[in-house]
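In what follows, a structure is listed as structure tokens, so that the remarks can point back to it.
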Amino acid sequence: MQALLFLMALLLPSGAGAEEIIGGVESRPHSRPYMAHLEITTERGYKATCGGFLVTRQFVMTAAHCKGRETTVTLGVHDVSKTESTQQKIKVEKQIVHPNYNFYSNLHDIMLLKLQKKAKVTPAVDVIPLPQPSDFLKPGKMCRAAGWGQTGVTKPTSNTLREVKQRIMDKEACKNYFHYNYNFQVCVGSPRKIRSAYKGDSGGPLVCAGVAHGIVSYGRGDAKPPAVFTRISPYVPWINKVIKGKDLTSLSLHESESPS
């Protein structure tokens with residue numbers, strides 16, 4: 001029965017409860033200057049929101065399932081209901097989805113957004129470092145996820161950025177997710193507590209010791225652990241090529257590859 005549990009990508013239409021964290025706390029304003037709030041117009045014309053994070057002055061990383069027809073990124077924001085003096089609102093020039101992204105399995109759920117102009121680095125806006133290709137998170141390590149998604153399965157959203165502690169779990173905890181792939185995904189959660197990224201948090205970072213190691217991808221509809229994040233380390237060579245403007249048509253990342 002557990003294998004039949006409803007799984008969902010954690011993107012949410014705006015107006016239906018978008019952006020926040022379950023079981024977490026409000027972040028200190030602008031203490032996570034890399035956080036990005038994405039306002040998306042989908043291919044069908046609907047409005048949706050996702051999270052993301054600044055990895056260079058002109059590139060934001062997010063989940064591939066957050067791709068839309070048009071996207072505007074807001075940096076330096078804590079309360080999305082207000083126009084804060086720290087905000088930088090920049091339109092997306094290009095969406096670069098990983099060439100092996102699979103909508104049905106959520107594998108390779110990673111995308112880079114090239115901004116129309118470079119962000120200005122300020123105390124409220126800055127980049128976050130990425131891991132080395134050989135880095136691999138070990139079970140038991142404590143990290144944090146952040147976002148503006150729902151605070152509960154039936155609760156409304158909060159306008160302010162929130163964050164939650166997340167424990168890296170053993171791959172066995174995600175064995176009931178049919179398409180879970182340990183080489184490219186991270187299994188996270190707090191086994192005895194409902195602490196999770198949820199609807200609207202998609203694309204936000206999993207931060208461990210100041211480094212972005214994961215991207216919010218999908219989880220259970222009831223918000224119980226575990227949730228699945230895209231593992232960033234095996235994609236670092238691809239990320240570097242995108243940022244340098246190299247041709248991506250011949251690049252491929254095979255599911256059988258090891259990230260080390």
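Including glycine, each Cβ sits where the backbone N, Cα and C put it.
Note that the structure is a prediction, hence the values are computed from the model and not measured.
Within the set CYS66, CYS187, CYS208, Swiss-Prot assigns CYS208 as the partner of CYS143, by disulphide bond.
Annotation in Swiss-Prot places CYS187 in a disulphide bond whose other cysteine, of CYS66, CYS174, is CYS174.
Cβ-based neighbour count (10 Å, all protein chains) for CYS143 (disulfide bond) stands at 22.
Looking only at the disulfide-bonded residues CYS66, CYS187, the densest Cβ neighbourhood within 10 Å occurs at CYS66. Residue pair HIS65 (active site, charge relay system) / ASP109 (active site, charge relay system) shows a Cα separation of 7 Å. Taken together, the residues of the domain 'Peptidase S1' (21-244) have an average pLDDT of 88. Taking all protein chains in view, 21 other C-beta atoms sit within 10 angstroms of the C-beta of CYS174 (disulfide bond). Note on HIS65 (active site, charge relay system): other Cβ atoms within 10 Å of its Cβ, all shown chains, come to 20.
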